[in-house]
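**Q** Quick paste from TrEMBL:
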type	residues	note
TRANSMEM	12-38	transmembrane segment
TRANSMEM	50-73	transmembrane segment
TRANSMEM	100-118	transmembrane segment
TRANSMEM	139-162	transmembrane segment
TRANSMEM	199-224	transmembrane segment
TRANSMEM	244-263	transmembrane segment
TRANSMEM	269-290	transmembrane segment
TRANSMEM	297-318	transmembrane segment
TRANSMEM	372-393	transmembrane segment
């Protein structure tokens, strides 16, 4: 995913400035590695704050000025209506349809819960604030900002169409990838103003740098805490841990740099990014959901369900790419025109045909045509279904011995209305009660032996019991 995030602004920089794509990638990656390694999480948070301001200013200015320059909002919307691009509601239940009401609401719900609920890059931001209400407030603010950004970005697509409705830059060969249309629009609309194309590049870079820096930082933190310290060196000193963390940040930065060359083969940036989130994030969300809402699930079921879901989603995701390369999956774009192009355009349509019946039987499957918006939901449900089946076969979790705090508050609320597991955590509570009583007895005994408290002793929560 981070490789895709780096690839998108590199395309923009190459289109606006003419700089080689590889050089653009190097600039983004190594600048990000530099300040993330030196500054850590604090640098990530402060740079994210500044970068989001630049990104919003840039997007709003470009879209507003671009709309005015081509005839205003009414003209842009009318062109969208005339070309059938004003499709706001589509109730088609077919899961292979790219965007429908169902895929955006249901599939989008699972996708965004994956990003904001169990993604380490987001969770580590929640943990940086002192109080829970601060994290909740930050999420509400983020919701408003995200809705605005999505609406502005979607409307930007309509503005670009209204600008090039008579001469499609992609079909005419002016650009080679759909992700270069927005940079081309910026240069054609505001190229005469000094500094504005640079402002656009700064805005695109800001979004990329903030995402990649937080990703590298979170990966380094997970590797250090869960694997290096958790499995091999539990008593590692803070000084050594800091050095190892910086080294891991550099390592993941270099891996991101190498992944950019794979990202070039994955098609348009948005669907590729959300596809990866679905393939990996869906099983991750399923693992959390299984543990928090199904107290009968055990560790074996969770592990097997996660592995099966990952393999299944990888098969679908990579199968889509292979089927697309063979020509079995063709993206049906809205109709465009090249009649208004000033130059003669020689348009050639290449149609890939399967070479053997074997390849057709292997990759011409309907499941590969499933919309990427359903990936997270499919991965999550696969973990839950497989995990529960394996848990029942291998011996389900004894709910009496389970710590109730590990179960979602939502489950406890439902359980209070419709008793599903009346004895949830009873044995665990009894053990904790007996342990507390034993600890209290030891403290009382200590009180008898040492009836006076030294003057230098500090008042603590433990001492307040006596």
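Note that Cβ sites are derived from N, Cα and C of the backbone, with glycine treated the same way.
These numbers come from a predicted model, not from an experiment.
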**Q** Against which stretches of its own chain does the transmembrane segment (139-162) lie, if we need a Cβ under 8 Å and a gap of at least six residues from its ends?
**A** 52, 55-56, 59-60, 62-63, 66-67, 70-71, 75-77, 79-80, 83, 85, 116, 181-182, 185
**Q** What residues elsewhere in the chain lie close to the transmembrane segment (244-263), defined as a C-beta under 8 angstroms and at least 6 residues from its ends?
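**A** Result: 2-4, 6-7, 10, 25-26, 29-30, 32-33, 36-38, 40, 212, 215-217, 219-221, 223-224, 228, 236, 272.
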**Q** If I count Cβ-Cβ pairs under 8 A between the transmembrane segment (297-318) and each of 12-38, 50-73, 100-118, 372-393, which range comes out on top?
**A** 372-393
**Q** Grab the same-chain neighbours of the transmembrane segment (100-118) for me: Cβ-Cβ under 8 Å, and only residues 6 or more beyond its ends, written as numbers and ranges.
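**A** Apart from its flanks, the transmembrane segment (100-118) reaches 89-94, 139, 142, 274, 277-278, 281-282, 284-285, 288, 371, 373-377, 380.
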**Q** Which sequence-distant residues neighbour the transmembrane segment (372-393)? Criterion: at least 6 residues beyond either end, Cβ under 8 Å.
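**A** Long-range Cβ neighbours of the transmembrane segment (372-393): 95, 98-99, 103-104, 106-111, 113-114, 271, 274-275, 277-279, 281-283, 285-287, 289-290, 294, 296-298, 300-302, 304-306, 308-310, 312-313, 316-317.
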